[in-house]
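Before any comments, here is the structure.
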Amino acid sequence: MQLLQSSVIAATVGAALVAAAPVELEARDSCTFTSAADAKSGKTSCSTITLSNIEVPAGETLDLTGLNDGTTVIFSGETTFGYKEWEGPLISVSGTNIKVQQASGAKIDGDGSRWWDGEGGNGGKTKPKFFYAHKLDSSSITGLQIYNTPVQGFSIQSDNLNITDVTIDNSAGTAEGHNTDAFDIGSSTYINIDGATVYNQDDCLAINSGSHITFTNGYCDGGHGLSIGSVGGRSDNTVEDVTISNSKVVNSQNGVRIKTVYGATGTVSNVKFEDITLSGITKYGLVVEQDYENGSPTGTPTNGITVSGITFEKVTGTVESDATDIYILCGSGSCTDWTWSGVSITGGKTSSKCENVPTGASC
């Protein structure tokens, strides 16, 4: 009888343990972290990571690199960062099939005013870059609300990354913010940015190298516009198969532009600007320049970088009266095979300094 009772008890306990196992596994699948240190140490033990009101210590990165395949990252509450002069980044995420998103009402606030001094990355305080999406492959970033980046917002070096409905609001930096690029893309393929809303003080989009890149349904306010480049002078100097469409650029220095580096070699090909609306542009509505040296135009173009297969279609709107509607400064023979349709930019001056304007385009 005692043996029978023992067997029954053992069976009952065994059944309970089996029943409990899925509950224990589920707990391991979902983790909530309230510190950057815990997130870094525990990031590979969870398939869903919730970052709850994290205060990242000064001089440290919220390190979410090397995540397990298929991990979901959720920003919850307010994510903030301690102050220190350093290069950053403040956030870094890498992995494959990663989903980065946020809970309702969440925000990520860089409090960039602590660094802003009007110098950006050119001097003054050393300012940390914000978000590295490097080797974040076959992944997505959705719905993030980002405020007040000290300098650059996203640095993207990935393959097959979709960024949807992200807001970067640096409107508080109108006076002292500088070089607050929203999306800088290099050495990447199949990057899709859809529905971005950007208030900043530099490029809304800057593609330095890469292929199969789209930017659609964007709103860019206060910065330097939608840019290819500057291209040249890096290890990768090819930009190809890019579509920038259905977007608005307002209250910005430039509307749409392509800029290449003086004396450099490379390729810009199969780039399309389509259905872009401009207003309140203060420098150039549409600009192509092949004269950049040390980040500034020289006025003398070179032809080592070819700019071919370019389409400007239905790029329309207005610039300020002291701005220039269109400026094209190409090297000899380097700008070819352009399609120019429905381009109407008015309100400013007509440039007398255009050179080597390709057939079909108008300056």
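Residue positions begin at 1 at the first shown residue.
Here the Cβ of each residue, glycine as well, is placed from N, Cα and C on the backbone.
Lifted from Swiss-Prot, the feature list:
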- D202: active site, proton donor (ACT_SITE)
- H224: active site (ACT_SITE)
- C31-C46: disulfide bond (DISULFID)
- C204-C220: disulfide bond (DISULFID)
- C330-C335: disulfide bond (DISULFID)
- C354-C363: disulfide bond (DISULFID)
- N162: N-linked glycosylation site (CARBOHYD)
- 210-230: repeat 'PbH1 3' (REPEAT)
- 239-260: repeat 'PbH1 4' (REPEAT)
- 302-347: repeat 'PbH1 6' (REPEAT)
- 1-20: signal peptide (SIGNAL)
Nearest of the recorded positions (C220, H224, C335) to C46 (disulfide bond), judged by Cα-Cα distance: C220
Segment confidence, the repeat 'PbH1 3' (210-230), expressed as mean pLDDT: 99
For C220 (disulfide bond), the number of other Cβ atoms found within 10 Å of its own Cβ: 28
Pairwise Cα distance for C335 (disulfide bond)/C220 (disulfide bond) [Å, integer]: 27
For the disulfide-bonded residues C46, C204, the one whose C-beta sees the most other C-beta atoms within 10 angstroms: C204
From recorded positions N162, D202, C354, the one whose Cα lies nearest C330 (disulfide bond): C354
Residues near H224 (active site) in space but at least six apart in sequence (CB under 8 A): Q201, D202, D203, C204, S252, Q253, N254, R257
Alpha-carbon spacing, C354 (disulfide bond) to C220 (disulfide bond), which is rounded to whole Å: 26
From disulfide-bonded residues C31, C220, C363, the one whose Cα lies nearest N162 (N-linked glycosylation site): C220
The repeat 'PbH1 4' (239-260), counted residue by residue under DSSP: helix, strand, coil: 0 helix, 19 strand, 3 coil
